[in-house]
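Q: Got a structure for you, written out below as structure tokens; questions coming shortly.
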Amino acid sequence: MTEKRKRDDADAASDAEAARNVALHYSGRDNQSTAQRKQSPIYHLRCLNNWIKSTIISAYVRKGDRVLDFACGKGGDLPKFRKASIGSYAGIDIALESVRRDAVTRYNAAGYPFPASFIAGDGFAIDLTEHLPPASFDVISCQARSIHWSPYDRFAIHYSWSTEKRARTALNNVARLLRPGGHFVGTTVDANVLVRKLREADGLSFGNSIVRVTFDENKTFPSERGPFGLEYAFTLADAVTDCAECMVPRKRFVEIADECGLECVEWSNFHEYVRGKLRDDWSTATATATDASTEGKKTRPGEIAGGAATAHELWRQTMGGRSVHEVTLSEDEWEAAYLYATFAFKRKGTSAAAAAAVLRRPKPKHVWTRVEPEDVLVLEGAA
């Protein structure tokens, strides 16, 4: 056995064990009340994260879409998909009890108007097409969990970058499960920002009162590992402490995704994304209001011609009813947001193939179907 093979096997075993430990911690964490959330030092940062996810979903998810929530955790994004009027939902996460106890309960309690299924397993280690039909989803969403209300999750995309094998397995699963023209959207850490801040730091750590990132050994990364397994310890107030995460170099991520059949259509740092979204929204709202006035049509405040909520309306919804000018994130929260990025990839395929795939998809039932805990499909790696 080669040294590289031995190292990869050791990395895989170590990563699997770490994933199980974090999943068990995550499953055992109590849910916070609304009052507790508002007392958090990162309350507005979490609200900002929810706004970003809401605008991503609004941009890429269409009525009747079949959605796979890759890292569904406790089902926290279900309300966002309800607003998008999706046709069906599937959620997968490594944390078995979080799926069985929390995600299933949340879905059943709210009577969501779409059928749902849930899976517990490590989607970075197994071929999901053995359990889900290929090309059966219109959108796959995978969100970074560090700043969620329930933060202990080892199943965000940056955890697939512990080894090249896991990274390729994750992206191959996404590509095979998406229909031609379908989208893979989400958030992750911004490796470019991490490296830039590390170079500027006097030592091996940087941060502020709510966030801290710490690297070990030195500021150069072992060349034999390539862009994989580049770990750092991440601490975020009221969320995670010294949690091991892996950098996701954008260039290599895009290259491997392209090899798997996914074309990058958007990649933005959180700062860039927020500024661009709000700026573009003002332009769209102005143009829409002018068109509606000319044609004698009426649009409600915060809506565009199709009735979809604008970025500003979504901001008010996720920021407690306040406008952009009324909410001020602390400087430390805004600096923490700078460590993250959004992304969107499109499944390659001709326009004809994409259109045909949409026509072939089952007609949405728009009905709630009760899910029992024993209905959760348990796969390899579930913890």
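Every residue, even glycine, has its Cβ placed from backbone N, Cα and C.
All annotation found in TrEMBL is predicted automatically rather than curated by experts.
These figures come from a predicted structure and were not determined experimentally.
Relevant sequence annotations retrieved from TrEMBL are reproduced here:
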type	residues	note
BINDING	Asn49, Asn50	mRNA binding site
BINDING	Lys53, Ala71, Asp93, Asp122, Gln143, Tyr159	S-adenosyl-L-methionine binding site
DOMAIN	40-348	domain 'MRNA cap 0 methyltransferase'
SITE	Lys74	site 'mRNA cap binding'
SITE	Lys80	site 'mRNA cap binding'
SITE	Arg106	site 'mRNA cap binding'
SITE	His158	site 'mRNA cap binding'
SITE	Glu245	site 'mRNA cap binding'
SITE	Tyr340	site 'mRNA cap binding'
Q: Provide, as an integer number of angstrom, the distance between the C-alpha atoms of Lys53 (S-adenosyl-L-methionine binding site) and His158 (site 'mRNA cap binding').
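A: It is 17 Å, counting Cα to Cα.
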Q: Quick one: of Asp93, Asp122, Glu245, which of the recorded positions has the smallest count of other CB atoms within 10 A?
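A: Among the recorded positions Asp93, Asp122, Glu245, the sparsest Cβ neighbourhood within 10 Å belongs to Glu245.
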Q: Given the recorded positions Asn49, Lys74, Lys80, Arg106, Glu245, find the one whose Cα is closest in space to the Cα of Asp93 (S-adenosyl-L-methionine binding site).
A: Lys74
Q: I'm checking region-level scores; what's the whole-number mean pLDDT for the domain 'MRNA cap 0 methyltransferase' (40-348)?
A: 85
Q: If you run the three-state DSSP split on Tyr340 (site 'mRNA cap binding'), which class comes out?
A: strand
Q: On a C-alpha basis, identify the one among Asn49, Ala71, Arg106, Gln143, His158 that is nearest to Glu245 (site 'mRNA cap binding'); the candidates are the recorded positions.
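A: Nearest listed residue in space: His158.
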Q: Based on Cβ atoms within 10 Å, give me the single least packed residue among the recorded positions Lys53, Lys74, Lys80, Arg106, His158.
A: Arg106
Q: Cα of Lys74 (site 'mRNA cap binding') to Cα of Asn49 (mRNA binding site): how many Å, rounded?
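A: So the Cα of Asn49 (mRNA binding site) lies 16 Å away from that of Lys74 (site 'mRNA cap binding').
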Q: Would you mind pulling the DSSP three-state label for Asp93 (S-adenosyl-L-methionine binding site)?
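A: Its secondary structure by DSSP: strand.
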Q: Out of Asn49, Asp122, Tyr340, which of these recorded positions is nearest Lys80 (site 'mRNA cap binding') by C-alpha distance?
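A: With Cα distances computed to Lys80 (site 'mRNA cap binding'), the winner among Asn49, Asp122, Tyr340 is Asn49.
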Q: Please identify which of Asn49, Asn50, Gln143 has the densest Cβ environment, defined as other Cβ atoms within 10 Å, among these binding-site residues.
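A: Per the Cβ count within 10 Å, the most buried is Gln143.
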Q: To the nearest whole angstrom, what is the C-alpha distance linking Tyr159 (S-adenosyl-L-methionine binding site) and Asn49 (mRNA binding site)?
A: 19
Q: Quick check: of the binding-site residues listed here (Asn49, Asn50, Ala71), which one has the Cα closest to that of Arg106 (site 'mRNA cap binding')?
A: Ala71
